[in-house]
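Below: one structure, written as structure tokens.
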Amino acid sequence: MNFRNIDWDSLFSYSTIKIVRIRDKRLGILHFAFLIGIILYIIVGTIFLQKKYLVLESPIGSIRTSLMAPSVKPTDLPYCLKNGTDTSYDGYPNKPCQYWDEYLVLYPPSEESSMFITTRCTQETQSTVNGCNLSEPTCVYNTTSSSDFYIANVENFTILLDHTLSAPSLGIQYNGAQLNGQLLDTDGNPMSLPPPNIVGVKGSPDIMSLQGVLTAAGVESLDSQGLANKSRTIRDDGILILCFITYSNTYTYNTGNYHYTYQFKLVQNTKYKIVEPVFTKDVEDRYIFDRHGVRIIFIQTGQLGQFDFQTMLLTFVSGIGLVTAASLIVDIIATRIMPQRSRYQELKFQDSSINNTQKTPTNDHTPLLKDNEDTINENSYQNNSYEK
């Protein structure tokens with residue numbers, strides 16, 4: 001191979017940018033429209049609407065719940081079986097009722113992010129057969145008595161909700177009682193409940209009755225048709241509800257306004273029960289509480305934001321990249337689609353070479369690094385002038 005015959009200048013050619021001003025109103029208006037659109041997108045879309053100048057963090061937190069029984073205990077409850085009369089209510093069989101307090105209704109007594117409220121219980125008394133010892137493989141329990149009953153007036157039990165939020169990277173930490181809040185219905189619209197329900201009042205803990213929770217979840221009452229078994233009521237079968245606590249300080253342009261919302265969602269085609277064993281004097285004797293009821297799971301979510309200059313700068317830089325794309329589109333239209341595309345290509349793309357000994361242009365068509373003007377008509381290349 002003869003290396004002297006290789007055109008090293010062509011092999012290692014360098015492409016640089018050449019600026020040509022095309023005096024064509026069609027291309028100018030198109031490019032100007034692109035620029036206006038990009039500016040509106042950056043300023044209005046990303047800055048004002050999407051708030052892309054904020055650095056965001058999903059909050060974490062804790063939830064504490066407690067239950068309280070109502071002070072008034074009504075005796076004329078329609079779902080309670082009384083002396084063999086009123087054996088059904090709304091087409092579903094009635095059961096005897098017991099008046100439990102909050103310590104019996106709530107099981108387990110304390111949970112981190114959920115709670116279970118008993119609405120029906122089957123209580124069984126069991127002992128080992130003939131007092132046998134559980135070390136024997138044939139020893140089993142025998143049920144000596146059983147009763148099935150509803151918990152009276154359980155829908156009027158009240159729930160206290162105490163929650164905290166924290167965004168460690170942003171240095172944000174609050175208790176729910178320090179913030180304004182709001183209750184949303186299943187469609188995300190604000191709703192309010194009558195007393196004793198208190199939700200979103202700054203300086204006061206949130207208190208909701210079980211009936212208030214059901215209403216917010218779209219359930220008319222515990223005596224509505226069950227979700228998993230249509231022959232039973234929700235009071236009889238149990239139910240599962242998700243409570244989303246959503247935090248935000250980006251709903252306005254003032255990030256100092258913190259706000260939270262409650263939204264209860266019903267999990268379809270579900271029921272809920274917990275079996276609680278209670279041992280008495282030894283493991284050979286026990287009570288079994290087969291509890292059905294309302295299970296509420298609390299989920300903390302949302303986004304908190306703070307102004308961050310680097311985030312805003314990155315948003316601007318990303319938007320400026322669209323300017324290059326707009327110029328590329330206009331260039332393609334000018335050099336590939338316009339009637340004068342041949343002349344536009346000639347002005348835009350120029351192939352020049354300068355040898356190492358004689359630093360003079362070798363291109364016979366257009367002098368290098370020298371301004372030139374051409375007049376081009378839209379059809380005959382005579383009207384529009386171009387400057388390099």
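Glycine is treated like the rest: Cβ placed from N, Cα and C.
Here Swiss-Prot flags 350-365 (among others) as compositional bias 'Polar residues'.
Swiss-Prot lists 377-388 (among others) with the feature compositional bias 'Polar residues'.
For the region 'Pore-forming motif' (291-304), the model gives a mean pLDDT of 96. The region 'Pore-forming motif' annotation in Swiss-Prot covers 291-304.
According to Swiss-Prot, the feature region 'Disordered' maps to 349-388.
If you look up Swiss-Prot, you'll see 1-28 (among others) marked as topological domain 'Cytoplasmic', on the strength of sequence analysis. Taking DSSP states H, G and I as helix and E and B as strand, the topological domain 'Cytoplasmic' (1-28) has 11 helix, 2 strand, 15 coil.
If you look up Swiss-Prot, you'll see 50-312 marked as topological domain 'Lumenal', on the strength of sequence analysis.
What Swiss-Prot lists as topological domain 'Cytoplasmic' is 334-388 (among others).
What Swiss-Prot lists as transmembrane segment is 29-49 (among others).
Among the features that Swiss-Prot reports, transmembrane segment is placed at 313-333 (among others), with the record citing sequence analysis.
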